[in-house]
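Here TrEMBL flags 1-258 as region 'Phosphopantothenoylcysteine decarboxylase'. Under the heading domain 'Antitoxin FitA-like ribbon-helix-helix', TrEMBL lists 2-38. Annotation source TrEMBL lists domain 'Flavoprotein' at 73-234. The domain 'DNA/pantothenate metabolism flavoprotein C-terminal' annotation in TrEMBL covers 254-471. Residues or ranges marked as region 'Phosphopantothenate--cysteine ligase' in TrEMBL: 259-482. Feature annotation from TrEMBL assigns CTP binding site to Asp346, Lys356, Pro373, Asp374, Ile375, Leu376, Phe393, Lys407, Lys411.
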Amino acid sequence: MASLTIRKLDDAVKTYLRLRSAKNHRSVEEEVRVILRELIEGREEPLTPFSAPPAQSIAPVPQRTGALPEASVTLIIGGGIAAYKSLDLIRRLKERRVEVRCVLTKAAQQFVTPLAVSALSHERVYTDLFDPQSEFDAGHIRLARDCDLIVVAPATADLMAKMANGHADDLASAILLATNRKILLAPAMNPLMWNNAATRRNLAQLQRDGVVLVGPNSGEMAEAGEAGVGRMSEAIEIATAAERLLRPPVPKPLAGKRVLITAGPTHEPIDPVRYIANRSSGKQGFAIAAAAQAAGAEVILVSGPVDLDDPAGVTVKHVESARQMLEQVRAALPADIAIFAAAVADWRVANEGEQKLKKTAAGMPPLQLVENPDILATISKLADKRPPLVIGFAAETEHLIDNAKTKLARKGCDWIVANDVSPATGVMGGDRNTVHLISKNAEKNDEITVDSWPVMTKEQVAIELVAHVAKSVTGKSLESAS
Ligand SMILES: Cc1cc2nc3c(=O)[nH]c(=O)nc-3n(C[C@H](O)[C@H](O)[C@H](O)COP(=O)(O)O)c2cc1C
């Protein structure tokens with residue numbers, strides 16, 4: 001396989017590569033790889049059998065879409081016995097879809113070889129601050145910043161001392177000084193080194209500087225007969241700590257709460273093949289269900305007929321008519337919060353045909369309508385199982401706020417989400433929504449407040465509404481809860 005020395009390319013090509021890689025936050029070497037991959041993927045004609053390697057030796061080409069690594073780590077391996085555990089750490093990080101680029105100190109190379117590290121990380125390994133090839137594009141700066149996190153494992157007493165005092169006389173310490181990323185240290189050393197006053201001072205300084213620590217653990221040392229605090233954490237512990245920093249856990253302010261949501265239209269049968277419906281898509285209610293589930297709630301979604309996939313992790317009851325919807329809503333009680341976002345038909349056909357209605361000489365069959373049960377009012381006025389927070393939706397085409405305030409009082413719910421569904425807004429069936437949250441404040445003599453939100457996607461409206469619900473029910477905000 002030919003190798004390419006970037007330094008020897010034409011100046012124009014080098015300049016192009018340097019600019020393109022800087023723009024894409026990649027090293028020049030990675031950029032060349034991306035360009036080659038794009039070139040091959042963009043080929044219209046298949047590779048000829050003549051140029052293709054034998055079938056059994058073709059490694060599966062990673063799919064670019066959806067398969068890109070989600071996070072990247074620069075792993076600095078220091079010169080300690082525990083360096084062997086870093087080989088496993090590389091695997092553990094890659095299992096978590098973390099791209100790993102490794103830097104070995106001079107001492108680390110006494111314990112593990114760059115070849116082994118490179119084979120496991122599938123990347124070239126960096127060892128030298130004064131490497132012309134990687135310094136061509138300011139390699140140590142890129143290693144310091146082209147990542148989401150820097151992990152030092154094992155973090156030797158020497159590396160910690162250098163960090164605490166701002167040294168930069170080799171590649172590892174220069175990266176650690178030049179970075180603006182979070183640093184996770186996995187110290188590993190003899191207990192006497194760990195407890196030495198100098199190490200304690202350095203550690204205290206590093207903690208003040210915001211460095212995060214995993215371990216060290218207590219246990220047996222490599223040195224025969226020695227034990228104490230100083231063992232490097234296991235690879236899996238370090239990978240878990242790294243993942244917490246890379247992908248902080250999503251707050252779950254609604255954990256332990258049961259949320260009942262309705263969504264979509266209802267279909268009110270005229271005869272076995274015809275029905276009365278409305279233009280509701282169910283998107284808003286489904287988005288609320290997904291947001292509540294993401295906030296940790298147990299979610300029961302009662303949905304009319306929609307063309308949407310059930311949200312993951314949500315119990316979905318599919319119904320057709322308003323009466324079926326009410327039945328499922330009742331069955332789902334008790335709940336802590338009920339959000340009625342469905343566009344329930346106000347009326348149904350009283351004289352529903354048992355057989356398909358036929359055209360007759362007598363003219364059009366008269367359709368008699370009767371009122372459907374009012375789900376929002378029924379649940380809001382329940383004496384026993386009324387959820388502590390009941391939220392209705394008011395879809396209006398005129399006098400939006402006034403009508404919504406009247407609805408809040410008439411139905412007996414706590415909040416109304418009012419939205420203008422006149423055709424010009426495109427809300428019905430569309431992806432965006434402009435809503436006003438109208439709420440009754442029990443602590444202020446049932447004072448009504450109107451909170452008008454800017455135009456948002458239905459997902460954003462859902463997240464905002466769930467945040468308000470969480471604040472009201474638990475006092476926790478989505479940002480602060482954990
Ligand atoms: C066999 C052996 C094991 C060592 N293990 C450790 C260790 O676990 N932790 C440590 O801080 N230093 C250890 N050292 C000392 C370091 O290798 C030494 O301080 C070195 O300069 C560290 O370089 P680095 O921090 O650039 O990797 C060990 C040395 C030897 C010879």
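Just so it is clear, glycine is given a Cβ too, placed from its N, Cα and C backbone atoms.
Annotated features taken from TrEMBL, shown on the structure.
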{"residue": "Asp346", "record": "CTP binding site", "CB count, 10 Å": "13"}
{"residue": "Pro373", "record": "CTP binding site", "CB count, 10 Å": "14"}
{"residue": "Ile375", "record": "CTP binding site", "CB count, 10 Å": "24"}
{"residue": "Phe393", "record": "CTP binding site", "CB count, 10 Å": "27"}
{"residue": "Lys411", "record": "CTP binding site", "CB count, 10 Å": "21"}
What counts of helix, strand and coil residues does DSSP assign across the domain 'Antitoxin FitA-like ribbon-helix-helix' (2-38)?
27 helix, 0 strand, 10 coil
Mean predicted confidence [pLDDT] for the domain 'Antitoxin FitA-like ribbon-helix-helix' (2-38):
73
Could you tell me which three-state DSSP class Phe393 (CTP binding site) falls into?
strand
